[in-house]
Ligand code: RTP
Ligand code: MG
């Protein structure tokens with residue numbers, strides 16, 4: 001079973017779309033493994049976006065992602081990494097289709113509401129960067145008779 005790291009960025013928290021985003025991931029059928037509201041320490045943000053360290057927008061990207069709380073999550077499902085990227089929509093806001101999270105809610109590429117890991121390898125590195133092992137909860141939804 002695959003896992004991915006997803007976070008509602010500071011603009012999404014400020015705009016009040018945590019619930020909307022969690023709802024879309026839940027309804028898709030992914031299983032929540034961990035979640036928390038946190039302000040990212042600068043060194044963790046720089047590690048998270050290390051692949052962009054040489055880009056001209058790196059400083060602003062780190063400033064933005066550390067500017068307020070993010071809602072960090074781990075989700076699990078078969079192929080959850082590419083499926084999450086499909087729900088999230090394209091990075092470039094002009095290419096993010098209606099029906100995707102960015103397509104429905106974002107107007108600017110630099111303030112695009114949500115992050116999702118781009119590969120299983122990135123997901124493992126990002127999960128380890130943001131969560132301690134004891135914060136992950138494993139459980140079986142299928143056998144509960146509540147609904
Ligand atoms: P993210 O990592 O934040 O989930 O976004 P992503 O995979 O869709 O896009 P990525 O290429 O990893 O870029 C990370 C973030 O940097 C900003 N960006 N700005 N000005 C630009 O050309 C540019 N390109 C990327 C975006 O905010 C993007 O989410
Ligand atoms: Mg990325």
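Placed from the backbone N, Cα and C atoms, the Cβ positions cover glycine too.
Because TrEMBL annotations are produced automatically, they should be read as predictions rather than curated entries.
As recorded in TrEMBL, the features of this protein are as follows:
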type: DOMAIN; residues: 1-138; note: domain 'Nucleoside diphosphate kinase-like'
type: BINDING; residues: 9, 57, 85, 91, 102, 112; note: ATP binding site
type: ACT_SITE; residues: 115; note: active site, pros-phosphohistidine intermediate
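Here the features listed in TrEMBL are painted onto the structure.
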residue	record	Cβ contacts under 8 Å, 6 or more apart
9	ATP binding site	64, 65, 70, 111, 112, 113, 114, 115
57	ATP binding site	110
85	ATP binding site	116, 118
91	ATP binding site	102, 109, 112
Per-state residue totals over the domain 'Nucleoside diphosphate kinase-like' (1-138) - DSSP helix, strand, coil: 66 helix, 30 strand, 42 coil
Maximum Cα-Cα separation (Å), residues 9, 57, 85, 91, 102, 112 listed as binding ATP: 22
Among 9, 85, 102, the binding-site residues whose C-beta sits under 6 Å from ligand 1: none
